[in-house]
Amino acid sequence: MWLGDYSLINLLGIFLQATFIQNILLSTFLGMCSYLACSSRLSTANGLGMSVALVLTITGSINWLIHHFVTGPHALSWLSPALANIDLSFLELITFIVVIAAFTQILELLLERFSRNLYLALGIFLPLIAVNCAILGGVLFGITRNYPFLPMVVFSLGSGCGWWLAIVLFATIREKLAYSDIPQHLQGMGISFITTGLIAMAFMGLTGIDISKPTAKSVVISDTSTNKSKTTSAQERLSSNHKA
């Protein structure tokens, strides 16, 4: 339930896959509004990316607990066997959004108290983290893949770091583009979308690499196939002896 068939090397694989191979922004284009609006300066993009990674990691963990102990199939069976058939799945989506909004509000208060400059730089886009589809999408992706708890935490962290990496890369390029001679009709959103597409194409080179599968399952499968082959060969030897 907490680690499942995943080993520590599998957790590293999940993190790398969520960050680079299946980058939540560059492969699914979730969270594009904040990505385009807050990437004109590297410092602002870095602060927003760090905030998104923090919110996604913590809310992903909390929402996993809610799914497995409250709203998921047979989730209430830990309270009483009589409650096992109660279905609260209709509350799941709104509950996830409430958790994300509540933690975003807490983060906003902390930034206002301890990092006033970053709070002012992010402006209206800080509370909009609550409705950033990348955060809700990351939570839903992890739950639909039936990750145990620790792999879910690592996947949420990797997805958040992937979003952070994408916006930092884009902000770095945009600062260079500010001094470039760009055709008039491509200035603004035009060159931004072209740049994002080129970054996404670079990450597409990693498509097809899967390093997040649990090794325990593959070991069990290989052991089972070995035992089957041994049984088959033994049966063949027995039948040949009978014929002789």
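Cβ atoms here come from the backbone N, Cα and C positions, even for glycine.
Among the features that Swiss-Prot reports, transmembrane segment is placed at 11-31 (among others), with the record citing sequence analysis.
Listed as Cβ neighbours of the transmembrane segment (47-67) (distance under 8 Å, sequence separation of 6 or more from its ends, same chain) are residues 31, 34, 38, 75, 92, 95-96, 99-100, 103-104, 107, 111, 115, 118, 121-122, 125-126, 129, 132, 134-135, 138-139, 142-143, 147, 149, 152-153, 155-157, 159-161, 163-165, 167-168. Annotation comment: Swiss-Prot describes 47-67 (among others) as transmembrane segment.
Taken from Swiss-Prot, the feature transmembrane segment covers 90-110 (among others).
Annotated transmembrane segment per Swiss-Prot: 123-143 (among others), in sequence order, evidence recorded as sequence analysis.
Proximity of distant same-chain residues to the transmembrane segment (153-173), defined by a Cβ-Cβ separation under 8 Å and at least 6 residues beyond the stretch ends, is recorded for 11, 14-20, 22-26, 31, 34-35, 38-42, 44-46, 48-50, 52-57, 59-61, 64, 134, 138-139, 141-142, 145, 147, 192, 195-196, 199. Under the heading transmembrane segment, Swiss-Prot lists 153-173 (among others), citing sequence analysis as support.
The annotation transmembrane segment is assigned in Swiss-Prot to 189-209 (among others) on the grounds of sequence analysis.
The transmembrane segment (123-143) and the transmembrane segment (90-110) are in contact, since at least 3 Cβ pairs between them lie under 8 Å (pairs 6 or more apart in sequence).
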